[in-house]
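Peer 1: Have a look at this one.
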Amino acid sequence: MSQRPNPSALIWLLLSALVIGLDQWSKAWVLSSLPEYTSVPVIDGFWNWYRTYNTGAAFSFLSDAGGWQLWFFTALAMGISGLLAFWLSRTARGHWRSALPYALVIGGAIGNVIDRLMHGHVVDFIQWYIGSHTWPSFNIADSAIVGGAIGIAVFGLFDKAGKQAS
């Protein structure tokens, strides 16, 4: 009797799809409801809606590079997403410490790729600030990428520590 293989973590791509859906829904709302470059307070002294656009990457990196960066960041995001999806296919379904952050990064990366291909830029709209110190505007896809990257780093450290201890 042959053993049934463990199911892969590809089911976690449903979380990626959820991130993509929420990201695109929120950006559609922003484009139809918020004025450009105008702060709309959500929590005074901390949080605004602020519709802006980013042709670069994190913190507007390469935003003034002349247009080639759209294709560079699209290819980079698709390559990373493909690699993470491959890793998901090699990960056991129940190993959520790997699957969850991979799925978040995939969903966020693809959400921003959709923007780049549809609009030529990424739509950002969440603005956090304290006093005169303002964090660069971001979106749901960015939040998923950062959360996933933190998860990969933190859970990777814990997994290595656990393996070394045993």
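Here the Cβ of each residue, glycine as well, is placed from N, Cα and C on the backbone.
Relevant sequence annotations retrieved from Swiss-Prot are reproduced here:
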| type | residues | note |
| --- | --- | --- |
| TRANSMEM | 10-30 | transmembrane segment |
| TRANSMEM | 68-88 | transmembrane segment |
| TRANSMEM | 94-114 | transmembrane segment |
| ACT_SITE | D124 | active site |
| TRANSMEM | 138-158 | transmembrane segment |
| ACT_SITE | D142 | active site |
Peer 1: Would the transmembrane segment (68-88) count as touching the transmembrane segment (138-158), i.e. at least 3 C-beta pairs under 8 angstroms with sequence separation of 6+?
Peer 2: no
Peer 1: So if I exclude everything within five residues of the ends of the transmembrane segment (10-30), which remaining residues of that chain have a CB under 8 angstroms from its CBs? That is, six or more out.
Peer 2: 49, 51, 85, 88-89, 93, 96, 99-100, 102-104, 106-108, 110-112, 114-115, 123, 125, 139-141, 144
Peer 1: What are the non-local neighbours of D124 (active site), defined as same-chain residues 6+ apart in sequence with CB under 8 A from its CB?
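Peer 2: Set apart from D124 (active site) by at least 6 residues yet with Cβ under 8 Å, we have Y50, R51, T52, Y53, N54, P136, S137, F138, N139, D142.
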Peer 1: Going by DSSP, is D142 (active site) sitting in a helix, a strand, or coil?
Peer 2: helix
Peer 1: Note down the number of other Cβ atoms within 10 Å of the Cβ of D142 (active site), including every protein chain shown.
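Peer 2: By my count, 21.
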